[in-house]
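Taken from TrEMBL, the feature region 'Disordered' covers B:1-47, B:93-126. What TrEMBL records for B:26-47 is compositional bias 'Polar residues'. Per TrEMBL, compositional bias 'Low complexity' is recorded for B:109-119. Positions annotated as domain 'FUZ/MON1/HPS1 first Longin' by TrEMBL: B:170-291. TrEMBL lists B:330-423 with the feature domain 'FUZ/MON1/HPS1 second Longin'. Here TrEMBL flags B:490-590 as domain 'FUZ/MON1/HPS1 third Longin'.
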Amino acid sequence: MATIGHNNINAKLVLLGDMGAGKSSIVLRFVKGQFLEFQESTIGAAFFSQTLAVNDATVKFEIWDTAGQERYHSLAPMYYRGAAAAIIVYDITNEDSFARAKKWVLELQKQGNPNMVVALAGNKADLEDKRKVTAEEARAYAEENNLFFMETSAKTASNVNDMFCEIAKRLPRAQPAPNPAGMVLVDRPSEGSRAAASCCS
Amino acid sequence: MPSDTGSSAPHHDLDPEPQSVEEQLASVTLSVSDGQPSTHQETNGVVLESVNQNTQLVMEEQLQHISVPAGEIDEVRESADRGVVWGRTASEVDMDGLSSPSSSGYAGERGSSSETSGSVIGDVVEQDEIEETRNDVIVDEVSESRTPWLPAKRHVDEDDASISWRKRKKHFFILSNSGKPIYSRYGDEHKLAGFSATLQAIISFVEDGGDCVKLLRAGKHQVVFLVKGPIYLVCISCTEEPYESLKGQLELIYDQMLVILTKSVNRCFEKNPKFDMTPLLGGTDVVFSSLIHSFSWNPATFLHAYTCLPLAYATRQAAGAILQDVADSGVLFAILMSRHKVVSLVGAQKASLHPDDMLLLANFVMSSESFRTSESFSPVCLPRYNPFAFLYAYIHYFDADTYLMLLTTNSDAFYHLKDCRIRIEAVLFKSNVLSEVQRSLIDGGMHIEDLLVDPLTRSESSSHLGQHKPPTESLERLKEPYLGVGGPAGLWHFIYRSIYLDQYVSSEFSSPINTPRQQKRLYRAYQKLFASMHDKGVGPHKTQFRRDENYVLLCWVTQDFELYAAFDPLADKASAIKACNRVCQWVKDVENEIFLLDFIAPSVSFRYTLQE
Ligand SMILES: Nc1nc2c(ncn2[C@@H]2O[C@H](COP(=O)(O)OP(=O)(O)OP(=O)(O)O)[C@@H](O)[C@H]2O)c(=O)[nH]1
Ligand SMILES: [Mg+2]
């Protein structure tokens, strides 16, 4: 849940999507500013945190980078339960990964928190010559389903920070204030996180 | 990649001998289509061993129906009366092979998994003789019209690659009982459908006779089979390892698969016998190849015991105390390890953490690069603890070598475990455990050069593991390769396994056992010794003294411990025995540093003396 207090927002964010779509690469780009040509497949889920300054608030993202491998699909609710935001990632050079992304959208619509900010990321935008999924098609789908859409490249860093910033900005709006049911307000001690990055826009 | 031997590159096991068991198996299938009576019944080519021996009898009755191409294979006992069986199987597999590309899950999987295997195994090679064989069988049984359906890649010319595939000394396969490939050490599983069908046909033929195939010998090759419900495991090897050792390796491979999937994967086969399991193991090639690599360097794989990183007693106690603290807060197992060695380990039910589970868990964690990136929370199954259920593992690396695993049954425990880790990290840091761990990794464990001729002089020393040199000097020794010739009495190496503790300690390698190849050869020799000592019907006290051109091997088994020692091949028996007694005394003297002792089991006992 996104928890608000003193302009500090703690937000649980989950990345979902097909294996190899670039979830880990997007997170590593955002959290560590790195990109690996041979990023290993994630096992279970990896946890990261990163703080962003948006306008007058500070958003601390607690990020779950889940594994896209099929055997972990049934465990996904463990990671998206209670999330304030989700990024569903597909690979623009791979139609199956787009189909898989749509299944994740459906699953979140059925099981997820209705106030969740959901972003659709068409990753590997640097591979224009291998593109299989057009931006128009994805944007139309995103609009129909009330998702916020961006094409990203973890490799060139294009749109990666912007996407997290945009999510950060949308968080408070997605969180109508008086809704005590099921809300747990915990201010976790921030531990060893990098200096708060400041939002680009 | 874990490696004590210093060999980072995976072994390719190239066999200089071109005649391989795959070729011999190929001849078996080819002969079926001829349908002529056998004329070679008296020779010693392929021999089959099974649980009951009745298969053998059935086969002998049927021998007159077999044809054997002269010069290719001497005897084809196990292929009797199989024209129908082979044909049916081959056509089934043919159809599976056609359907799998479209049903093999999500795109991207093939790419990413071959990336993994490419970087780990090196050459990913394919075979072609199996395809040929299968096609030959199909020609007789199935209409020609199938051929155009075969994916084009089956006919790609890949001679060099296939020769290297056939020359591998040791293959491991996992397949389903319908003959679908699940895993292959070498080559792409999807292209091994025909070969899998051959293996499946052998197993199911014997099963149809109410028997269970264990072993097939063909020339210098052994084919070892292990049937685990709907999953079959097969090893084809010309390494001359004993059957029991190879079977143990197949058991570990099966258990490693359970670590990833649990035994509930069997249910998929109940629903659909043609279930394709490969997508479920996506991205795990590296886990299996690392395990298979460890068969040649990690004695834990045959000793069924774990080993500790040597540490001062107080250091290990400090680590144990904080882990215990955490375990009391609802963590099932808390394990701190450095590479494949245990720093400390506590648990709500410590006794039930089996050494094989630790081996497989450590292998799973160390071989998956993903765990090094950040803290992770992943389902894992400990097959000896409960093969049907997942536990949840919080995994965190403190540095490049040292990692913490906190296991729980509660899938919501991540934040609690993360808090536990923060507490543990603070204590480890404050009590210098992590720097001691790093120092121990550099210093190493027991060096045979430190085994004193006169045991009395050691009592004066209080240094690391009773070394009579200051630790700085042993650091120097590592920098410049030590040029001695082992310890006293020509002792080259030893392994001491404590039966009560489920732990072993192995001396550091030194000259002349200082290349990975020599180390592997020594482990294979120990492994053989272990298998022979654990043969059924062995009494509690037993010794073996073997001399060959490579070593003198001395093995001593009591109710409390097992000692395996290797000496110079010219070593004198009486002094070797003396050295073994001294090794046992030495182990006793430093047990606080080399073993994890903080539970009720008796410590290392020393009421034995080996006599000539
Ligand atoms: N060219 C290009 N390659 C990328 C990009 N993002 C990721 N990759 C590559 O795609 C591969 C898979 O990326 P990962 O980040 O591991 O994908 P993932 O979604 O985390 O995969 P799983 O952990 O298996 O679910 C890696 O080899 C990356 O280097 C990108 O934006 N451009
Ligand atoms: Mg990933």
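Cβ atoms here come from the backbone N, Cα and C positions, even for glycine.
Automatic prediction, not curation, is the source of TrEMBL annotations.
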Averaged pLDDT, computed only over the residues in the domain 'FUZ/MON1/HPS1 second Longin' (B:330-423): 94
DSSP-derived helix, strand and coil totals, residue by residue, for the domain 'FUZ/MON1/HPS1 first Longin' (B:170-291): 59 helix, 32 strand, 31 coil
Counts of helix, strand and coil residues, the domain 'FUZ/MON1/HPS1 second Longin' (B:330-423), according to DSSP: 30 helix, 33 strand, 31 coil
The domain 'FUZ/MON1/HPS1 third Longin' (B:490-590): DSSP-derived helix, strand, coil residue counts: 36 helix, 31 strand, 34 coil
